[in-house]
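Reviewing the structure listed below.
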Amino acid sequence: MYSLERPVQGQSSCPKDRLGRKRRTVVSSLTEDEELTEILKSYSSNKVTTTKYSFLSFIPKNLFEQLHRFANIYFIFLAALNFVPVVNAFQPEISIIPILLVLAVTAVKDLWEDYRKHKSDKFINGLVCEIYSRKRQMYVDQRWQDVHVGDFVRLSCNEIIPADMLLLYSSDPHGVCYIETANLDGETNLKQRQVVRDLPRQGSELTPENFHSRIECENPNNDLSRFRGFMEYPSKARVGLHNNNLLLRSCTIRNTETVIGIVVYAGHETKAMKNNNGPRYKRSKLERRLNVDVLWSVVLLVIMCLTAAIGHGLWLRNLKDTSFLIPDTTSPALSGFYLFWTMIIVLQVLIPISLYVSIEIVKLCQIFFIQNDVDFYNEYMDSRIQCRALNITEDLGQIQYVFSDKTGTLTENKMVFRRCTIAGVEYPHEENARRLEVYKEDEAMGCSHTLKSRASAKSLSCKSLSCNRSSVSLHTLTGHSEGEESPSPTLPQHSAFSSPMEKDIVPDPFLVQKLNCLSSPLFLLRDASMELTYIVDFFMALAICNTVVVSSPNQPRHVVPGLRGILVSRTPLKSLEDIKMLFQPEEGEHGSWKGEEDKMLHLNPGAWSVLENSNGGEGPPSEPGADELIYEAESPDEAALVHAARAYRCTLQGRSLERLLVELPGMGSLAVRLLHILPFDSTRKRMSVVVRHPLTNQVVVYTKGADSVIMDLAESPKGAEQSDGRQGHIREQTQKHLDNYAREGLRTLCIAKKVQTSTEYDIWLKRHAFAETSIENREELLLESAQRLETNLTLLGATGIVDRLQEEVPETIEALQRAGVKVWVLTGDKQETAINIACACKLLRTTDQLLTANCDSKVNACKALLLELRTEVERGEAAEGTSGFTLVVDGHTLDFALQEDLKGDFLELSRRCRAVVCCRSTPLQKSHVVQLVRDQLRVMTLAIGDGANDVSMIQVADVGIGISGQEGMQAVMSSDFAISRFKHLRKLLLVHGHWCYTRLANMILYFFYKNVMYVNLLFWYQFFCGFSGSVMTNSWVLIFFNLLFTSAPPLLYGILDKDVSADTLIKLPELYKSGQNSKAYLPSTFWLTMLDALYQSLVCFFIPYFAYAGSDADMLSFGSPINASALLIILLHQVIESRTLTWLHVLVLVGSALFYFSFTLVFSVVCVTCSPPTNPLGVDKLQMSQPLFYGVCALTTVLALLPRFLFHALRNSISPSDTLKAALMDQLNPDNYCRRMQHWNQTQAQSKARGLIINVEDLDIKIPDFILPKELKECRAATGSVLS
């Protein structure tokens, strides 16, 4: 429903409202304070209007907008000029027809679009919600447009939120509410929102009359992830307001029976509407080139008019006998000045008025073909390609650099727990590895799941609530009736990141044996309690250090049975005191850490079997319903870790606002008090939860994050030499394991914890509370607060998560590199992981020389390193047999390289490398890299990503591609095109990009050609009429020639022309180079086209001139064969240039010719006074009845087109282009096709034997005649031509 754009960079953190206030004050609309009431009235109402026009403003406003186009102003000026008697060239009424037609077509299009917006606005504004009425003292139904700031709104399950509201009440006893943000950002996983902290708990609904608090918050802005403010109670106590207290407009209430909120932003001030910036607009490279050539056309027009004006003045000055002229006192110079403007009117068609409209039509048709390409359809996700930018389709055919994210873009982003290390001991999970090798995931789960069906299934749990109220669902606002797709009771509920491959983890048997110690009566707890402490804390962190929402098919996600109990153990095998002692080891009690490990390794083997049997083996707990828990995670990493913990019977069973329910082996279900969540951010690269430990009652901080930061923060607690040695051993071993994980291509996360004393926690809490209640600089204060807490951590261990490559990624990258496209991977992963993935996707070949740039020191050292690497590359280029170089840069080095004095060295080095991998890069660094390459190298760039961290680089690139994957829709909403898989990039660029560019470039050149060719005919006639501005044709034919008679064929040319088939373009990526080098539309190509048009106009004019010389043919009789010949030449010129001729082309070309001859015949028969002062009556009828007319037309057409035909024939025979060779290969029969393929393979083998190196940057790479790439191992039947 809404278009989501990324918040504008550099926006002020405290924008002012319309009255200049830096903050917004919101109170209850029931207040009797007149001053506060006036403040509420000053805010925007909830009525939204996205239309641009009203009934009265449409004509003037639309006309004003169209006048922003220079071409429209130009033609309106000429139409007005033709009404001036001294300079008019023909009937003034006729001159306004072209511009009126163009303006009318554009106006109708704008009116239709605006009418659709009006219908949508009317529907949305008319939706109904419950608003508290002061008069009736109850909630009443009102339309959305009648909602105002300060109103109390009550919503039920499945209802859509009408305005941005502060959550004051939830029917959940713990004050939790769940919303689905699919209408806003496309994400279908649920988000948790909570009632404002410290509000009085009520057993019944909130009573609006009793609400007397004042809300101070920031002014409206477009940042969806931020909300800053505080609520001041009547007691003057303040509580901070956060984004998790805000319900955003257009989101949907899920799994909560009733919520009540107070409106803080309404209408166009809501965050959803602030992000509704309309369609994206970018100027394509071809469009910029077109504007330059239009200016050249203007220069050519001025030259021609000046020539005619000067010639007219000289003709009048040298004229002796003026008896045939009307006496006039105007001087020759003034007459020449008047004639200059007359010629501007006569030759106006030199500027293609219909070109801009034609380009828009062609681009819309190109987008239609792209969107309806079945190869872009993803059956599992029920999605196809989205074209969000309507005017840069041709840029897809000119890309030179591709910048790609890794996770979710090159990989599946289906994180699967692979292995882990705890307390320095590595657990390889070999059975789990074998499972992943042979696992074949049933994507359809027995049926075909679509996005819509899964969305319906997600709301199954809501059916158990008493949601009897008729409500508008998500599908209603998106044009689908909810009743169309009612979920089946047997449909499995599919939540994000919860496929069988991700959930069915096989535990490591040795680690299971250690955990089973907690459940065994045969094992002394003290024998290995320290290592067990680490193991239990490790899995406790995996289970609770997240924002995962827990649900089951039969109950809402927020329901946590038995949460009020502190310890709910079904089969307590030990005393509570023994369990507490496990988490409170005495200092120095256990000897060396190595000794403790040995104790664990040398237990009685017979005891292990008893332990396994005593707790049901290695499988998950067998309690009823345990296996039916569903985890809704905001990221695949979180889901993978929670599923891993559950595999070891450390199960997250429920979540509320203040407590978590966790089951641990041997301890039963524990209620863990949740004190704070410090969410992940790209600066800290970690997240933490602060909890009250259920056994020791201590404040414990559990942290997980990138190893690059956690390892630095994992310092030993003070005053414990024994512990210091133990932690040093753990850090050393963990680092070794992390390096091994990275070499395997695993994503790594470190897990740590910290125990806070009550005094330390109280001091930190005061500062944190101040940061939470601050409005200005809140993010900076919260960041400082989190960093103060996350110090001196105790390292527990690390995890290795596997993320598989998407299908056909290596083939796609290889094809792009063969096409001359340089591929850069920008990722936040470790260097070893990035290199491993680069090898797996064939970005880094085995023959490549790897260059690593790792520099943690100052700029000077980094500069020296870059120069050294550059020298190494130059030496390698000079040596024979070097395949190429791949550069790997880490985040620290990238920081230095992006500085002003190192940019040049970094670019020069990277330009010489075949590929570049930037690891440990931040979102800001990604955008800076893209911008640097785009601006400094002046190349066409494409950025592709799937997450919010990729938005900045997607917006900076010339073309931004979003992948609708596992991380929501932020990247898609900010992109120009959206695809579901990386492999689709191959066809999008190599096929559709190539077609779009060549079609549009050829159509633009054809437009310039036909206009110049026809205008020159009028210009040559001036040499024979005293440069008087007369024309040899009637004004109707002059105006309609380019506007109607020759307008349809170029459109078909730009929409359906196809130089090479899609299959050949895929198999021969080298053909893409023609678009990269703009070979279809070079300045030289433009001027050669102009020269050809000049020659054809000379032939078209002077052959009829000499044929009718000495005859009694009048001016119109002389012009008739010229017009007919010009039409045939222009139409047949397109036949020569077209690579595709179908029945549709024949129909349009023949129809255009018949239209012209029919019009001129009818015009000459019925029109007596249509074109005064000339009289065309019977002229064309008489000419078309004479054989000379047809002879002249035939001879003129042949001689005009003969040079172009011969040029094509000679060039295609002597030096055929690569695209022509590929097109001829499409026409081969299967036998010839096989022979040519064998010839290609032999040629390639011989080239390799001679050590021939083909540089992918070579601008003129030559493909052997009729070749196919070596990857083809079998002959295929020749493919027929397709329409598009």
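Placed from the backbone N, Cα and C atoms, the Cβ positions cover glycine too.
Worth saying up front: this structure is predicted, and the values here are computed from it rather than measured.
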For the record in TrEMBL, which of the ranges 89-106, 1115-1132 is the transmembrane segment one? 1115-1132
Among 290-316, 336-359, 1021-1045, 1188-1207, which stretch has the highest count of C-beta pairs below 8 Å with the transmembrane segment (1144-1168)? 1021-1045
Residues sitting near the transmembrane segment (336-359): Cβ under 8 Å, six or more positions beyond its termini, same chain? 69, 71, 74-75, 78, 81-82, 84, 86-90, 95, 98-99, 102, 105-106, 287, 290, 294, 297-298, 300-301, 304-306, 308-310, 312-313, 316, 330, 1000, 1003-1004, 1007-1008, 1011-1012, 1014-1015, 1018-1019, 1022, 1027-1029, 1031, 1038, 1041-1043, 1047, 1050-1051, 1054
Sort out the sequence-distant neighbours of R920 (ATP binding site) for me: same chain, 6+ apart, CB within less than 8 Å of its CB, listed by position. S708, G828, D829, K830, Q831, D890, G891, H892, L894
Could you check which of the binding-site residues (T407, F680, R747) sits closest to D946 (Mg(2+) binding site), going Cα to Cα? T407
Among D405, T407, F680, R747, i.e. the binding-site residues, the one with its Cα nearest that of D950 (Mg(2+) binding site) is D405
Averaged pLDDT, computed only over the residues in the domain 'P-type ATPase C-terminal' (972-1216): 89
Proximal but sequence-remote residues of the same chain as N949 (ATP binding site) (Cβ under 8 Å, at least 6 apart): D405, S682, G828, P923, K926
The number of other Cβ atoms within 10 Å of the Cβ of T407 (ATP binding site), counted over all protein chains shown, is 26
Return the residues near R747 (ATP binding site), defined as same-chain residues 6+ apart in sequence whose C-beta is under 8 angstroms from its C-beta, sorted by sequence, else 'none'. T407, M415, D637, G800, I801, V802, D803, D829, T833
In sequence order, what residues of the same chain, 6+ apart, have a Cβ less than 8 Å from the Cβ of F680 (ATP binding site)? R686, M687, G705
Helix-strand-coil residue split for the domain 'P-type ATPase N-terminal' (40-96), DSSP-based: 27 helix, 0 strand, 30 coil
